[in-house]
Amino acid sequence: MLTRTLLLQMAQNRSLETFARKNSLAARLARRFIAGETLEEIVTPVRMLNQAGMTVTLNYLGESLTSAKDMERMVITYLDLMSLIRREQLKASISLKLTSLGLDMDPKLAQQNLEHLVEVALPDIFIRIDMEGSAYTQTTLDIFYTILKKRPEYRNHLGVVIQAYLYRSEADIEELIRLKARVRLCKGAYKEPPSIAFQKPDDIRANYLKLMQRLLLEGNYPALATHDLQLINAAKLFANEHNISKDRFEFQMLYGVRRPLQQQIAKEGYNIRIYTPFGDHWYPYTMRRLAERPANLWFALQSIVRK
Ligand SMILES: Cc1cc2nc3c(=O)[nH]c(=O)nc-3n(C[C@H](O)[C@H](O)[C@H](O)COP(=O)(O)OP(=O)(O)OC[C@H]3O[C@@H](n4cnc5c(N)ncnc54)[C@H](O)[C@@H]3O)c2cc1C
């Protein structure tokens, strides 16, 4: 049986990636979680989500880049993506990782690349800095704070992500609320040690709930990123009880994950944004999604066979 651990190990295996990228079955399987490999391919799926009442945040796959050439390609792709969003009038923002903009090479370089992208994105395209493993938390927040300090008017154009599994997040949320910064709250996707992070699902959920309530009460249009029905229902109830209108926050979910729930939330009149990755580096991302719920592998295979 394919276990979560095995799938996560497979996600990091370069030879398997090379094999999978040449294999059409694997590529079709990835399509459940990836909108396309090229910019042209993403237009139709994004438009379909928009027509179903959902906005989108687009992420060009690729992380931990260490070559200047790959990084340049990344920046150029984001510039092309912004042109595409405008040309096709897509209701879409951008999510990116600082390691894909050169953070591992030089934090200053990543900051410069980010500032350049935000300048081009203004005034109509929002950019969210995804949060990576704990080795990057402080640097990522430092870069965000430095930019906000220089350009407070970017507050509504650039946002960050806070992970509920980290003990430090409660203090980070208070600082971000004070700065009126835009925050996406998620549980956290990386393996972190007990010295810095909650480990038990119930503890992570309890901290998410606490931080979510703070953001709903005091935050600047928080984004609640989760597929956890218990948390989604708690958010709706809390907002209702505190007269927080539906336009003051949004839910966020991943492309291809719990689609009926996504549609239901949109139909109920809540704002919902779908994190939509694209690009040819789809293998590790797809494997991580399958690892979250190995049963998806069989559902995806069945749907391919039925076609
Ligand atoms: C929009 C968005 C942006 C994110 N950005 C970041 C980020 O910047 N940094 C970061 O560390 N993490 C990020 N994450 C990932 C996040 O931290 C979690 O790892 C991930 O969302 C799983 O947690 P959950 O809250 O959905 O709850 P879980 O407890 O994992 O899941 C709740 C329910 O959803 C179902 N579910 C979960 N995943 C799947 C799946 N793949 N297929 C089918 N059902 C599934 C489960 O079966 C379960 O019933 C992001 C998540 C989202 C949705």
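Each residue, glycine too, has its Cβ placed from N, Cα and C.
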Annotated companion of Gln163, Lys187, Gly188, Ala189, Thr226, His227 at the FAD site, TrEMBL, chosen from Met105, Met131:
Met131
Neighbour count, 10 Å Cβ-Cβ cut-off, for Thr226 (FAD binding site): what number do you get?
20
From the Cα of His227 (FAD binding site) across to the Cα of Arg288 (substrate binding site), what is the distance in angstrom?
15
How many angstrom lie between the most widely spaced Cα atoms of the FAD binders Met131, Gln163, Lys187, Gly188, Ala189, Thr226, His227?
18
Please find which two of Lys97, Arg288, Arg289 have the most distant C-alpha atoms, given that the record lists them as binding substrate, and give only that distance in angstrom, rounded to a whole number.
18
About how far apart, in whole Å, are the alpha carbons (Cα) of His227 (FAD binding site) and Arg289 (substrate binding site)?
12
